[in-house]
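Straight from Swiss-Prot, the features:
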ACT_SITE  Asp67  active site, proton acceptor
ACT_SITE  Asp136  active site, for ring-opening step
ACT_SITE  His138  active site, proton acceptor
ACT_SITE  Glu143  active site, for ring-opening step
Amino acid sequence: MEVVIVPDARAGGELIAEAMAQLLGRKPEALLGVATGSTPLPIYEALAAQVKSGAVDASRARIAQLDEYVGLPAEHPESYRSVLRREVLEPLGLGMDAFMGPDGTAEDVQGACEAYDKALAAAGGVDLQLLGIGTDGHIGFNEPCSSLASRTRIKTLTEQTRVDNARFFDGDIEQVPHHVITQGIGTILEARHLVLLATGEGKADAVAATVEGPVAAVCPASALQLHPHATVVVDDAAASKLKLADYFRHTYAGKPDWQGI
């Protein structure tokens, strides 16, 4: 696992966007796994700026979804499919034909979960998976004590998560779905490169547990320690609880530019 400490969210976004740009240069049809939420927005903005300037050609890129609400119509403005269309696909100049995700409206939800795992494998696997992290160490909707070998499956949202997400539904918690489909930790670990971005002091404990704690289901993100190519990008605030912060800064400062992340 590589830990990169940056000054702020913008710097983290630019660093990760550059890694994605380099990947697309090597493999134009790369399958990029993307996440929703506010944390990855600086990544998408930086990558879209490179595409707009002509520095990056993303026309053949493919986009894979990390999770989706169950029972929310695909065209609903707050379905994660719609959110990713607005925040990722359209800014990169991609249509929905470049997108793949689980069917949250399927009658057979378990079948839809299994079908998505198979679709990811059939597509050649995810080349680079973006991740955020919760204050409790969750990735995707894999909450603490999720199996580290879990596959794409249905999960029940906690009441607190529904309360938090109500702001996207006009403040009405009754509109927030009770369930989601999420890639499992085992599914996530199959991506060739995992890149986790965490910003803000509120994520400091989770980052410390992920990077320096034991691999344990109580902190799902700690599973990244098992991956051969995992990069954790954190700002100074999110790195504030890392005992080895100085070491991480030193090793990254001495890294040759050509190596990337």
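Placed from the backbone N, Cα and C atoms, the Cβ positions cover glycine too.
Around the Cβ of His138 (active site, proton acceptor), a 10 Å sphere holds 22 further Cβ atoms from the protein chains shown.
A Cα-Cα distance of 13 Å separates His138 (active site, proton acceptor) from Asp67 (active site, proton acceptor). Counting only same-chain residues six or more apart in sequence, the Cβ atoms lying under 8 angstroms from the Cβ of Glu143 (active site, for ring-opening step) belong to Gly134, Asp136, Lys155, Thr158, Pro220. Considering only the active-site residues Asp67, Asp136, the Cβ with the fewest other Cβ atoms within 10 Å is that of Asp136. According to DSSP, Asp136 (active site, for ring-opening step) is assigned to coil rather than to any helix or strand. According to DSSP, Glu143 (active site, for ring-opening step) is assigned to coil rather than to any helix or strand.
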